[in-house]
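**Q** Let me give you the structure first, and then I'll get to my questions.
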Amino acid sequence: MKKLQASVRSHKKQPANHKRRRTRALSSSQAKPSSLDGLAKQKREELLQASVSPYHLFSDVADVTAFRSNLLSWYDQEKRDLPWRNLAKEEANSDRRAYAVWVSEVMLQQTQVATVIDYYTRWMQKWPKLQDLASASLEEVNQLWSGLGYYSRGRRLQEGARKVVEELGGHMPRTAETLQQLLPGVGRYTAGAIASIAFDQVTGVVDGNVLRVLCRVRAIGADPTSTLVSHHLWNLAQQLVDPARPGDFNQAAMELGATVCTPQRPLCSHCPVQSLCRAYQRVQRGQLSALPGRPDIEECALNTRQCQLCLTSSSPWDPSMGVANFPRKASRRPPREEYSATCVVEQPGAIGGPLVLLVQRPDSGLLAGLWEFPSVTLEPSEQHQHKALLQELQRWCGPLPAIRLQHLGEVIHIFSHIKLTYQVYSLALDQAPASTAPPGARWLTWEEFCNAAVSTAMKKVFRMYEDHRQGTRKGSKRSQVCPPSSRKKPSLGQQVLDTFFQRHIPTDKPNSTTQ
């Protein structure tokens with residue numbers, strides 16, 4: 001760390017053209033706007049600069065250079081060995097390289113690295129090229145994606161692959177702008193990640209990890225979801241990205257946020273850009289305030305009420321939080337509550353054992369195209385759920401005995417914006433229904449169910465049914481139909497795969513003033 005700090009001090013002597021370079025570092029673009037949109041954008045830039053203190057900027061080109069150098073040196077030594085990084089580095093074909101990055105970035109959205117590794121490996125083994133994915137069926141895509149969540153990601157990924165093959169001659173767009181414009185489901189971040197990692201385009205990215213790093217190094221405490229703050233963060237990312245190694249730089253910034261500059265208990269003493277971090281400096285100022293003499297540490301020159309990037313008066317600095325004061329979490333609406341009744345219908349099977357009935361969800365909306373047990377949506381005070389569910393079952397199976405419909409309990413599953421409570425029922429048939437399953441329905445063995453394109457919520461329902469059918473208590477030993485990967489998540493005391501890809505670092509608390 002002393003070497004890293006020394007590299008910052010080494011930039012005190014500035015060349016003769018420093019003033020010109022510093023001016024360039026302050027602005028991401030000096031181009032004269034050629035349209036009304038360009039003029040509007042320039043006006044927004046001017047208003048933003050007028051309301052922002054240099055405290056929240058990288059005003060000195062020496063700091064930009066040091067940030068790049070220190071971060072990349074750390075990344076070269078500490079980066080995790082991940083399959084998508086190896087593919088991006090080793091693949092000579094630029095289209096395959098871009099495809100490999102694309103798949104990883106889509107899978108990593110809202111999903112932990114440890115979870116993605118297995119899915120990514122199986123995906124690339126099954127569909128190593130864009131053309132392979134384009135020719136696959138949506139059912140195959142949903143089946144492999146089962147359990148990963150946010151299922152529209154897989155569908156849009158395949159839609160994008162088909163567009164590249166059918167409309168773009170099999171060649172991926174080469175820039176962040178065209179990637180975002182031409183490919184469905186590709187937003188600004190994903191486009192920038194693909195363009196910088198696969199094609200070396202000098203473009204910055206801002207994901208959740210980068211956002212946290214930037215908010216801390218420049219002490220940005222305003223709502224990170226606001227248009228003004230988001231615009232400022234993207235400007236910072238574009239200013240900082242290393243022109244010689246844009247892909248590595250972006251991955252390094254994400255890696256720093258994921259492994260060192262974490263949401264809770266960040267490892268500040270191991271941070272390669274600690275000496276440039278405003279949040280860390282503020283913690284140090286608090287710790288040194290009791291010593292003789294006031295430490296010379298820069299602060300925001302504007303009044304807090306004037307600066308639109310500082311912590312607000314309604315949410316001031318909390319010494320106990322340390323650097324975790326940044327970024328401040330935006331208020332989130334609680335997920336809306338919905339209720340459903342679902343039933344596991346079983347009929348006697350042959351060699352493969354009993355069969356359960358699955359029906360396919362609509363092609364759009366929540367869990368589009370996935371398979372589930374027959375279900376009906378209920379009102380919270382629904383008094384006749386038994387009758388409503390039986391009517392739904394008869395739609396798929398024909399006349400059924402109501403007296404055999406048995407209530408097993410309830411399963412709660414929380415999606416990103418919905419808390420869904422399932423009332424779980426079972427119905428055992430003595431023989432197969434008189435009619436065959438209609439379109440949109442099918443009978444599967446237990447083993448087939450575990451490998452089908454079903455949601456995690458349905459696997460929870462099936463586990464309740466499994467436990468009840470086998471007459472076992474929760475936690476007792478029994479044979480498992482579904483493989484462990486599709487069952488419960490590891491407990492808090494159990495190591496997850498991600499831990500094997502991190503260098504062991506002892507926990508410290510340099511971010512707290514209560515040391």
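All residue numbers here begin at 1 and follow the chain in the order shown.
From the backbone N, Cα and C atoms, a Cβ is placed for every residue, glycine too.
Feature list, courtesy of Swiss-Prot:
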COMPBIAS  1-24  compositional bias 'Basic residues'
ACT_SITE  GLU105  active site, proton donor/acceptor
BINDING   CYS261, CYS268, CYS271, CYS277  [4Fe-4S] cluster binding site
DOMAIN    335-466  domain 'Nudix hydrolase'
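So where do these features actually land, and what's packed around them?
**A** For GLU105 (active site, proton donor/acceptor), other Cβ atoms within 10 Å of its Cβ number 21. In this structure, GLU105 (active site, proton donor/acceptor) is part of a helix by DSSP.
According to DSSP, CYS271 ([4Fe-4S] cluster binding site) is assigned to coil rather than to any helix or strand.
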**Q** Check each residue in the chain of CYS277 ([4Fe-4S] cluster binding site) that is at least six apart in sequence and keep those whose C-beta is under 8 Å from its C-beta; list them in sequence order.
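**A** Looking at Cβ-Cβ distances below 8 Å from CYS277 ([4Fe-4S] cluster binding site), excluding near sequence neighbours, one finds ARG216, VAL217, CYS268, CYS271, VAL323.
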**Q** Only counting partners 6 or more residues apart, tell me which same-chain residues put their Cβ under 8 Å from the Cβ of CYS261 ([4Fe-4S] cluster binding site).
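**A** The answer is ASN209, ARG212, VAL213, ARG216, CYS271.
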**Q** What's the most sparsely packed of the binding-site residues CYS268, CYS271, counting other C-beta atoms within 10 A?
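**A** Fewest other Cβ atoms within 10 Å, among the binding-site residues CYS268, CYS271, is found for CYS268.
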**Q** With DSSP as the reference, give the number of residues of the domain 'Nudix hydrolase' (335-466) in helix, strand and coil.
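**A** Computed counts for the domain 'Nudix hydrolase' (335-466) are 32 helix, 50 strand, 50 coil.
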